[in-house]
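Asker: A single structure is presented below for examination.
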Amino acid sequence: MVVGWSLLGWALSWLAVATVVVSAIVTVDKEALTRECDPDTPMVVPNFKANWFKATEYCHYLDRNLVIVTSAEKQEVITKVLEGTDKFGDNSFWVGGSDLAELGNFHWHSTGTRIVWHNWSELVPMPTADDPTRKDDRCVLLSNNTEMGGFKWIVVNCWDEYYFVCEKGVFAK
């Protein structure tokens, strides 16, 4: 009986220590969560990386869509939003464009409209049907580096994980 109680005491002590350690490691940015859930915030950058599909799903969960970029002015607004986050140093963010329905025919997922205005990087070539190494590169990423001269668009594998930008939209609930 004594062994049982001392073993239980030891286990409870370790559980208490583990709880304190985990509590110290896991910090919650309450301000970011508030912004993310605030229906009046026009754009949010969730606090985790995801593949393009999961990012789309999460934005819908927030009654938003992956951001669409329809002009240089809109891209500048997005850039300013990103500069105001702690994610800016990551340099790459999912937006709502892809050519998943037809190779080379890019559309905005949330509206179904063809991408007219664009800001493709000249440094990263577009994938082609005859390049088997890039067959999964179908989703648009807003990527920033000095060689590209600021945020430019590139097409990458939709299953790669990046931060992403959600926005309130006409088609969001």
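Using the three backbone atoms N, Cα and C, a Cβ is placed for every residue, glycine included.
Values in this document were obtained by computation on a predicted structure and should not be read as measured data.
Feature list, courtesy of Swiss-Prot:
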type	residues	note
SIGNAL	1-24	signal peptide
DOMAIN	51-167	domain 'C-type lectin'
DISULFID	Cys59-Cys166	disulfide bond
CARBOHYD	Asn119	N-linked glycosylation site
DISULFID	Cys139-Cys158	disulfide bond
CARBOHYD	Asn144	N-linked glycosylation site
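If you look at the structure here, what lies around each of the features I listed?
Answerer: In the predicted structure, the domain 'C-type lectin' (51-167) carries a mean pLDDT of 90.
In this structure, Cys166 (disulfide bond) is part of a beta strand by DSSP.
For Asn119 (N-linked glycosylation site), the count of additional Cβ atoms within 10 Å of its Cβ stands at 15 [all protein chains shown].
Non-local contacts of Cys139 (disulfide bond) by the CB criterion (under 8 A, 6+ apart in sequence, same chain) comprise Trp52, Trp94, Gly97, Ser98, Leu100, Val155, Val156, Asn157, Cys158. DSSP classifies Cys139 (disulfide bond) as strand under the three-state reduction.
There are 18 other Cβ atoms within 10 Å of the Cβ belonging to Asn144 (N-linked glycosylation site).
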Asker: Please state whether DSSP places Asn119 (N-linked glycosylation site) in a helix, a strand or coil.
Answerer: coil
Asker: Calculate the distance in Å between the alpha carbons (Cα) of Asn144 (N-linked glycosylation site) and Cys59 (disulfide bond), and round it to a whole number.
Answerer: 22
Asker: Between Cys59 (disulfide bond) and Asn119 (N-linked glycosylation site), how many Å separate their Cα atoms?
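Answerer: Answer for this pair: 23 Å between alpha carbons.
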Asker: Can you tell me how far the Cα of Cys166 (disulfide bond) sits from the Cα of Asn119 (N-linked glycosylation site), in Å?
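Answerer: Distance (Cα to Cα, whole Å): 19 Å.
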Asker: Other Cβ atoms within 10 Å is the metric here; tell me which of the disulfide-bonded residues Cys59, Cys158 scores highest.
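Answerer: Checking each of Cys59, Cys158, the winner is Cys59.
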